[in-house]
Amino acid sequence: MKDLKPILKTLWKSKTGPILLIIQIAVAFTILINVGYMAVHKWHEINKPSGLNEERLFTFMANLPVEPDNYKAQLEQDFADILELSSVENVIATNSIPLTSWGLGLALNKTESDESYITYAGVYSMTDGFIDTLGLEVVMGRKFDHAEMLLSSTDYTVQSSTVMVTQAVAKKISPEDWTLTVGKTIYINSRPYQIIGIVDELIATWPTWWGNERSVIYPVYTLTSESKFMVKAREGQLKQAMEDVQALLMRQPGRIIDDYQTFAHTREQGYKPMVSSLAILIAVTIGLIVITMLGTFGQARFAILRRKRQIGTRRALGASKWQIVRYYVLENIVITTLGILFGVVCAILLNVKLMEFFDLLSVPSEYFLFGALAVLVAGQLAVIPPALGAANIPPASATRSI
Amino acid sequence: MLKMRGVAKSFVTDTIKTQALQPFNLDIEQGDFISVVGPSGSGKTTFLNIAGLLEAHSEGQYYLDDEDVTRLSDRQKSSLRNQKIGFIFQSFNLIPELNLIDNVEMPLRYRHFSSKERAQRAQEALLKVGLAGRQTHYPQQLSGGQQQRVAIARALAGSPSFLLADEPTGNLDSQMADGIMSLLKEINEQGTSILMVTHDMEQAKQASRIIEIRDGYLSEHQEALLA
Amino acid sequence: MVNYYIKLAWLSLRKTPLLSFLMVSTIAIGIAAAMVTITVGYMMAQDPLPHKSDRVAMVHLNSWDPMQPYGYRRNGKNDIPSTLTYQDAMALLHANKADKHTLFAQFSDMIRAASADIRDAQLHPVRSTTRDFFDMFGAPFIFGGTWSEEADLNGEQVIVLSKHENDRIFGGGNSIGKELLIGTLLYRVVGVIDDWQPTPRFYTHRYLMYQPTLKYFVPLESQIRNELFSPTSMGWSCWGDAPNSTLADLLVSECVWIHMWVEFDSVAKKDDYFGFMSDYSEEQRKIGRFARPEPNRLMTVPEYLKMEGALSNENIMGIGFALAFLLACLCNVMSLMMTKFHGKGGEIGLRRAVGANKKDIIIQFGFESVFIGLVGGIIGLLLAQAGLSVLAEMFSNMHQNVMTMDIYLMLGTIGLAVSTSVLFGLWPIYRASQIQPSSQLNSL
């Protein structure tokens with residue numbers, strides 16, 4: 001530590017280089033902390049469980065090429081035909097397919113008045129067999145009865161009087177003990193519904209919504225000229241099932257099929273913008289660290305070039321190589337620490353701004369700790385090559401003019 | 001043409017005042033060839049820097065062609081250096097990435113000559129030092145002696161009143177050194193004054209006057225003593 | 001003299017290849033990062049109707065449920081629907097109080113040339129609208145034009161298609177008068193529009209603003225008369241108990257689903273129109289509708305884009321991060337320039353000795369930093385193009401226009417590189433000009 005005083009003195013004497021480096025480190029640290037936090041946040045969003053057995057599902061939109069009076073019969077016939085295929089295990093129709101960004105969201109309230117708002121939730125209306133088809137797990141209460149699961153020509157929100165919710169919604173309704181939620185009544189659009197069961201997980205349709213683990217399921221399905229289907233293939237027969245179902249449906253004249261794809265594909269498409277953002281955030285982070293390391297490297301080299309003679313003199317006077325290296329390592333620690341200190345202040349200020357914009361929580365303190373550690377290590381890695389170079393300056397250069 | 005009255009130089013740091021040059025008087029006339037000798041650290045280079053307007057003196061008056069240069073601005077001094085003084089250095093100080101003609105032309109660029117006039121003067125200067133026809137070579141393609149000749153051509157290109165040479169043969173072997181010395185004498189005979197710092201007594205004696213600087217004191221050797 | 005300084009800058013750059021490479025590439029990377037984000041932000045924030053965006057406005061009527069608001073805006077205030085019920089849309093259209101009116105919705109169906117085999121039919125979304133759509137939003141015709149007023153009134157089966165589809169189906173010729181089948185209905189081509197992509201596609205919802213324009217356009221009335229209905233892609237919002245599972249249900253319901261835009265000859269007429277909208281609401285209130293307190297909205301293009309957040313916070317943050325990154329890069333470059341100019345102390349000393357004054361030195365090194373900025377800017381421009389095409393690949397759901405630089409942005413890129421490198425070169429240059437000639441002459 002006896003080096004510390006001469007280091008501070010030298011830094012003070014030629015300030016520009018160190019100040020520039022401190023700014024770089026502060027900027028890098030500020031961005032690193034916030035971007036790192038956002039990246040981790042995005043990572044969790046992208047890897048959120050959907051609650052579905054994704055590898056066996058495929059989905060599509062198809063019309064019911066008959067008059068409105070026959071919609072019910074046609075849909076039931078389609079189900080029966082599809083279930084006859086040996087490659088298919090189960091099939092349902094739904095108002096909205098998870099992660100496709102197309103669907104309805106509604107506010108849940110405790111009473112008729114919208115003042116008693118609980119949460120916003122993604123809305124599903126599905127046909128009988130959805131628990132098995134999607135691979136959901138009922139963790140509390142019961143499934144819908146067959147009698148509850150109607151195919152109706154009127155709005156499902158009007159026809160239904162019961163709902164199932166996801167565990168995330170249950171926790172919103174009864175924060176103290178979510179298991180008490182079963183049997184409670186909630187109000188949606190001023191209409192009461194009794195919660196009869198809770199499923200573990202079922203992701204809502206919007207990949208970018210941070211609350212998309214919150215879903216509510218109605219037992220009634222509204223018939224229209226078009227339906228969205230979700231099909232569960234038998235183990236290992238996804239491809240076969242997709243071919244079979246398409247061939248089967250297209251036998252009927254006037255049939256239109258669209259968006260025919262595996263759920264894995266839907267998931268990938270849905271999260272693509274977020275994955276891209278994550279990639280960009282990571283690229284920014286790496287770029288910043290590289291630039292900062294280059295800056296550190298350049299600054300150290302510059303300083304050493306300037307002091308070549310001085311270093312030679314110190315060597316001639318008996319300083320060991322290790323002592324020379326230690327000097328520059330210590331100098332780098334001083335500069336980096338100053339940069340980090342400024343960076344911490346900026347990072348907190350930026351975080352406050354970002355919280356206003358993005359509903360983000362404040363960055364946890366361990367990010368600061370790990371961030372500082374990462375910047376220090378990066379700085380050391382960058383300073384060691386020039387420091388070793390300095391240690392190899394021959395003592396004779398003291399006596400030679402340069 | 002060069003007149004110094006009571007010129008002195010001192011450096012002041014936080015605690016100490018160092019007298020680098022004690023007050024002295026000096027006159028240099030057109031056609032003089034003056035050697036400056038003395039042990040290292042005695043103040044030779046400081047003297048040369050003051051004479052060449054590269055450093056300001058701290059006391060006294062310095063007249064160049066009857067003009068008092070003591071109070072001139074940096075810009076005016078630059079212009080005076082450009083027009084009246086030619087510099088020759090121990091390590092030649094040629095710019096390696098420029099070819100010979102560009103090196104020689106350099107002072108003329110700061111005088112805003114036309115490219116035609118620059119080229120003509122630079123060629124003449126190169127001819128004078130015996131390097132005509134090598135304009136497009138680069139300094140590192142030449143021997144040390146040749147490089148110093150280019151530096152002399154650069155100093156001559158602006159037709160200065162006098163040349164300042166700081167150990168011009170210090171980096172050369174004796175044969176090349178002799179060549180440079182005879183070139184300088186030749187230039188001197190054509191009327192250009194020369195002020196040359198050297199520590200080689202043999203060379204010093206080839207000048208018409210010898211000034212010795214010792215511990216900051218400047219004194220002129222009488223010719224009688226030298227003979 | 002300019003040539004000389006450019007030559008010196010070039011020679012100087014070549015003399016220290018590693019240092020020059022570091023400087024140029026650092027600037028290039030910083031500039032590229034900044035310009036990629038700025039390009040996306042700039043293109044997203046463009047005025048899509050530069051000549052009349054303040055005379056074209058979107059009509060929002062508060063016909064919503066008396067019991068609870070349509071939704072909440074970001075600031076927590078109650079929102080009102082941005083689309084209209086069929087009955088309100090028709091009432092305002094027929095009142096004919098603005099200079100031009102555009103209503104639109106959409107549906108999807110199988111489309112093919114009348115002469116083509118049924119297996120060649122493709123499912124396409126179709127824009128159902130009124131005849132002023134093309135003129136109001138600036139869609140350019142290459143053949144024919146929009147349909148007649150009668151076609152709007154009577155729901156004639158006429159169609160306008162895009163150049164892309166005209167090329168695909170009719171081989172690119174003048175196809176006016178030729179026929180297409182939408183499902184089983186025969187539609188006659190009356191116009192072909194050129195490839196056209198307003199950026200942002202301001203007339204729709206925020207989440208559709210950077211998506212490609214639709215390729216087929218038919219009169220809204222023809223959708224209604226033929227009951228063309230696509231519940232899984234049309235999108236509507238309902239309240240109350242009314243059924244809405246067929247188009248006929250939708251027409252008589254309180255569900256909102258039709259977009260409405262109006263255009264005025266002069267900005268002054270906008271206030272009159274808003275007055276008319278208020279009168280309409282008042283009338284409706286008398287018959288028991290429009291019971292909510294929130295006022296209607298008549299929003300010009302810039303107002304609507306601002307409300308919808310066409311330029312998202314995420315874009316602004318991206319630009320901020322990229323500019324901070326550029327700052328870090330420039331600090332680095334400044335450091336490198338200090339090193340570079342420090343290494344030229346000998347040359348500076350010599351030039352000062354032979355008569356260069358401080359200004360000459362400043363000019364020489366000024367040229368050098370301009371040169372570094374210029375080279376860095378050009379490479380940065382290329383890197384930015386590469387970055388934008390990677391981005392276009394990543395965000396393939398967005399239209400290419402958002403990720404394409406126009407000429408101003410390209411010049412801006414070079415300008416930013418040069419100006420920042422000069423700005424961050426000022427201090428190193430000043431330091432270089434202050435070098436004492438006498439101290440440097442033995443070390444060239």
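Yeah, the Cβs are placed from backbone N, Cα and C, and that goes for glycine too.
The domain 'MacB-like periplasmic core' annotation in TrEMBL covers C:20-198.
Among the features that TrEMBL reports, domain 'ABC3 transporter permease C-terminal' is placed at C:320-437.
Non-local neighbours of the transmembrane segment (C:21-45) in the same chain are 13, 199-200, 210, 305, 310-312, 315-316, 318-319, 321-323, 325-326, 328-330, 332-333, 336-337, 340, 372-373, 375-377, 379-381, 383-384, 386-388, 391, 401-405, 409, 412-413, 416-417, 420-421; each lies 6+ residues outside the stretch with a CB under 8 Å from one of its CB atoms. The transmembrane segment annotation in TrEMBL covers C:21-45 (among others).
Residues or ranges marked as transmembrane segment by TrEMBL: C:316-341 (among others). Long-range contacts of the transmembrane segment (C:316-341) within the same chain, counting only residues at least 6 positions beyond its ends with a Cβ under 8 Å from a Cβ of the stretch, are 12, 16, 19, 22-23, 26-27, 29-31, 33-34, 36-38, 40-41, 348, 365, 369, 372, 420-421, 423-425, 427-429, 431-432.
Here TrEMBL flags C:361-387 (among others) as transmembrane segment.
Residues 27-28, 31, 34-35, 38-39, 42, 326, 330-331, 333-334, 337-338, 340-341, 362, 365-366, 368-370, 372-374, 376-378, 380-381, 384 of the same chain sit 6 or more residues outside the transmembrane segment (C:407-430) yet have a Cβ under 8 Å from a Cβ within it. Here TrEMBL flags C:407-430 (among others) as transmembrane segment.
Secondary structure by DSSP for the domain 'ABC3 transporter permease C-terminal' (C:320-437): 102 helix, 0 strand, 16 coil.
Summed and averaged per residue, pLDDT over the domain 'MacB-like periplasmic core' (C:20-198) gives 92.
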